[in-house]
Amino acid sequence: MPPSLTREEVVPSRKRIKLPPWLEVAKPRLIPLLLATTLGGMALTEGWPLSSPRLVCTLGGGALAAAAAGVLNCLWEQELDGRMLRTSGRALPSGRLSPSAAFVGAVSCTLAAAALLVSGVNCLAAGLSLLGLCSYVLLYTALLKPRTTQNIVVGGVAGAIPPLVGAAAATGHIGLGGWWLFALVMVWTPAHFWALALLLHDDYRAVGIPMLPVVKGPLVTTRAIRRYGWATILLSFLGIWALPEGGALYGLLILPFNGRLLQMVERLAAEPNNRDRAKGLFRWSILYLFGVCLLLVMSRMSGAAQFDLQVRAVVDILSGGFLTVAS
């Protein structure tokens with residue numbers, strides 16, 4: 001496979017926006033997708049829509065917890081980042097931000113997140129947010145990432161917790177809808193991340209991180225991506241039943257998203273060494289998850305409920321006609 005792309009070539013927005021060091025270590029570009037899945041978790045409950053104060057506290061607390069996790073991840077990996085050309089210019093390894101300042105920022109964000117979620121939402125949402133933080137830093141970054149090719153499969157639990165936070169914020173408990181979106185994000189994560197790992201495999205190899213493309217090569221990796229891509233598509237259709245209402249609209253609108261994801265997964269599987277295919281899948285997978293969450297929210301609007309009733313009426317008429325003919 002040709003040499004790895006730089007992260008800037010994969011995510012070109014980094015060339016256009018120079019963040020201050022204290023914000024850079026919080027990894028703010030990852031936060032919007034986490035908040036989108038939080039909203040998706042809310043939309044899957046009977047508690048939707050939330051009051052404005054509760055919504056703001058949930059998203060604000062989630063953003064602070066995610067920022068704290070990003071800072072702690074950077075602190076843990078600063079020596080590793082300093083050994084890679086791609087990451088050596090980051091705030092901590094380059095010396096633009098001191099570790100002590102970063103640690104104080106991480107603790108402050110954690111405490112602020114906990115206070116906001118406990119006071120403005122509920123203890124379950126606060127506890128789940130802190131669980132997500134700990135699982136990202138301890139389970140994924142410290143334990144799994146340097147030890148196994150399946151690091152992102154198990155470690156992906158950290159990124160899948162926000163839907164549970166959203167469901168807990170809306171109702172005070174986690175219903176089946178929240179668990180469905182948790183599972184969807186879990187199976188979405190490997191295909192998304194391994195597409196990026198294909199592009200950055202030389203960096204991971206240089207520092208001894210056993211990502212799947214490094215250990216098994218592109219052929220095995222793209223086959224695994226294909227399996228998880230198919231699992232994501234199949235699982236996504238369960239959202240039709242996971243939604244309290246509006247499932248028919250969601251089921252209709254998810255079709256083009258799944259069609260495009262399937263196309264990109266199959267193209268990469270057919271050309272394991274094609275860097276453009278891997279880059280395209282990585283980028284589309286982000287838009288895909290944003291799209292799923294947007295559809296979940298749209299499906300809870302009043303017009304979607306009407307569409308649901310109309311579809312059910314048509315199905316009842318068709319099924320009644322079929323039974324009449326059959327008899």
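Any Cβ shown, glycine's included, is placed from N, Cα and C.
Note that the structure is a prediction, hence the values are computed from the model and not measured.
Copied over from Swiss-Prot:
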type: TRANSMEM; residues: 55-75; note: transmembrane segment
type: TRANSMEM; residues: 101-121; note: transmembrane segment
type: TRANSMEM; residues: 124-144; note: transmembrane segment
type: TRANSMEM; residues: 152-172; note: transmembrane segment
type: TRANSMEM; residues: 180-200; note: transmembrane segment
type: TRANSMEM; residues: 237-257; note: transmembrane segment
type: TRANSMEM; residues: 278-298; note: transmembrane segment
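Contact between the transmembrane segment (55-75) and the transmembrane segment (124-144) is present: at least three CB pairs lie under 8 Å, with pairs separated by 6 or more positions in sequence. Contact between the transmembrane segment (180-200) and the transmembrane segment (278-298) is present: at least three CB pairs lie under 8 Å, with pairs separated by 6 or more positions in sequence. The stretches the transmembrane segment (152-172) and the transmembrane segment (124-144) are in mutual contact, each linked to the other by at least three Cβ pairs under 8 Å (pairs 6 or more apart in sequence). Taking Cβ pairs closer than 8 Å, the transmembrane segment (237-257) reaches residues 43-46, 48, 176-177, 180-181, 184, 288, 291-292, 295-296, 298-301, 304-305, 307-308, 311-312 in its own chain, all 6 or more past its ends.
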